[in-house]
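Per Swiss-Prot, the features are as follows:
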type	residues	note
BINDING	ILE10, GLN11, GLY12, ARG25, THR91	substrate binding site
BINDING	CYS29, CYS33, CYS50	[4Fe-4S] cluster binding site
BINDING	THR52	Mg(2+) binding site
BINDING	GLY93, SER144, VAL145, LYS146	S-adenosyl-L-methionine binding site
DOMAIN	16-243	domain 'Radical SAM core'
Amino acid sequence: MQLVESFLSIQGEGKYNGKLAIFMRFAGCNFNCLGFNVKISKNDKTLIGCDTIRAVFTKDFKESYETLNANELLKRVIKLKKDFDPIVVITGGEPLIHYENPEFIEFIQMLLKNKFEIHFESNGSIEIDFDRYPFYKECIFALSVKLQNSGIKKDKRLNFKALKAFKNYAKDSFYKFVLDANTLDNSFLEINEILKEAPNQIFCMPMGENEQNLKKNAQKIAEFCIKNGYNYSDRIHIRLWNDKEGV
């Protein structure tokens with residue numbers, strides 16, 4: 001498995017924000033969200049995407065990844081855990097592109113055997129076969145379903161069958177939407193469409209890869225939540241550490 005980074009921090013987003021957490025970020029994604037417009041220069045070219053570009057553009061960053069097997073991944077988690085009791089956040093990229101990978105499966109099962117609480121951060125577009133892989137029912141899924149502002153085509157980013165499966169089978173699941181203050185009317189329509197087809201808890205977050213851009217959106221997103229009865233989630237890690245990686 002290609003590991004982009006691993007670190008102990010706090011969960012900065014969604015229903016469980018503020019929780020002590022070990023983050024295990026795996027390489028690879030099925031989306032490239034150009035609409036988020038985060039830019040990084042690499043190998044004499046400009047890469048455009050979300051705030052986890054290093055995990056998405058695997059060809060450009062592969063030399064910085066670690067290749068670890070399931071046992072080595074577990075050892076990393078135990079080392080980061082120290083004597084604490086953190087949750088383990090499996091993130092990316094899109095970690096569920098690996099959900100049928102034998103090495104990945106072994107790692108997740110090892111974590112569960114060692115009594116870790118596992119949270120997946122996913123875009124919700126990949127349907128898990130919960131009958132074939134029932135251990136995923138013991139996990140929590142934070143579903144960052146992409147809206148029009150991501151730049152991804154609708155038929156690719158919305159998989160209602162997958163979203164219903166997370167709600168019906170997982171230990172817990174919820175939506176976390178990244179919203180731009182300039183496109184709230186469209187976002188409202190999209191969110192309602194998703195809720196109609198696949199109801200779940202909602203947490204709305206302001207778009208912004210750094211503290212300055214986050215601040216531009218935050219108040220309007222909070223007011224949008226109050227107006228429409230949604231939960232607001234700030235992005236604590238950006239508030240505290242701006243755009244620093246590995247925190």
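Every residue, even glycine, has its Cβ placed from backbone N, Cα and C.
Feature map: Swiss-Prot annotations on the structure.
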residue : record                               : Cβ neighbours (10 Å)
ILE10   : substrate binding site               : 16
GLY12   : substrate binding site               : 22
ARG25   : substrate binding site               : 23
CYS29   : [4Fe-4S] cluster binding site        : 21
CYS50   : [4Fe-4S] cluster binding site        : 24
THR91   : substrate binding site               : 21
GLY93   : S-adenosyl-L-methionine binding site : 27
SER144  : S-adenosyl-L-methionine binding site : 21
VAL145  : S-adenosyl-L-methionine binding site : 24
LYS146  : S-adenosyl-L-methionine binding site : 24
Requested in this report: Check the domain 'Radical SAM core' (16-243) for me and report the mean pLDDT.
Outcome: 94
Query - Largest CA-to-CA spread of substrate binders ILE10, GLN11, GLY12, ARG25, THR91, angstrom - result: 15
Report summary line: Longest inter-residue Cα distance for the S-adenosyl-L-methionine binders GLY93, SER144, VAL145, LYS146, rounded to the nearest angstrom, is 13
Requested in this report: Based on Cα distances to CYS50 ([4Fe-4S] cluster binding site), point out the closest of the binding-site residues ILE10, GLY12, ARG25, THR91, LYS146.
Outcome: LYS146
Query raised in the report: Looking at the binding-site residues ILE10, ARG25, CYS33, THR52, THR91, whose Cα is closest in space to that of LYS146 (S-adenosyl-L-methionine binding site)?
Result: CYS33
Query - Nonlocal neighbours by CB distance (under 8 Å) for GLN11 (substrate binding site), same chain, sequence gap 6 or more - result: ASN17, GLY18, LYS19, LEU20, ALA21, ILE87, VAL89, HIS119, ILE236
Query raised in the report: Residues near the substrate site, ILE10, GLN11, GLY12, ARG25, THR91 excluded, by Cβ within 8 Å of the Cβ center?
Result: SER9, GLU13, ALA21, PHE23, VAL89, GLU121, HIS237
Report summary line: Here the Cα-Cα span from SER144 (S-adenosyl-L-methionine binding site) to THR91 (substrate binding site), rounded to a whole number of angstrom, reaches 11
Report task. State the count of C-beta atoms found within 10 angstroms of the C-beta of CYS33 ([4Fe-4S] cluster binding site), not counting that atom itself. Result -> 23
Report task. Looking only at C-alpha atoms, tell me how far GLY12 (substrate binding site) is from CYS29 ([4Fe-4S] cluster binding site), rounded to the nearest Å. Result -> 21
Query raised in the report: Same-chain residues six or more away whose CB lies under 8 A from the CB of the residue listed as 'Mg(2+) binding site'?
Result: VAL4, ARG25, CYS29, THR91, GLY92, GLY93
Requested in this report: Excluding CYS29, CYS33, CYS50, please set out which residues of the same chain place their CB within 8 Å of the center of the CB atoms of the [4Fe-4S] cluster site, keeping sequence order.
Outcome: PHE31, ASN32, PHE36, GLY49, THR52, ILE53, VAL56, GLY93, GLU94, ASN123, SER150
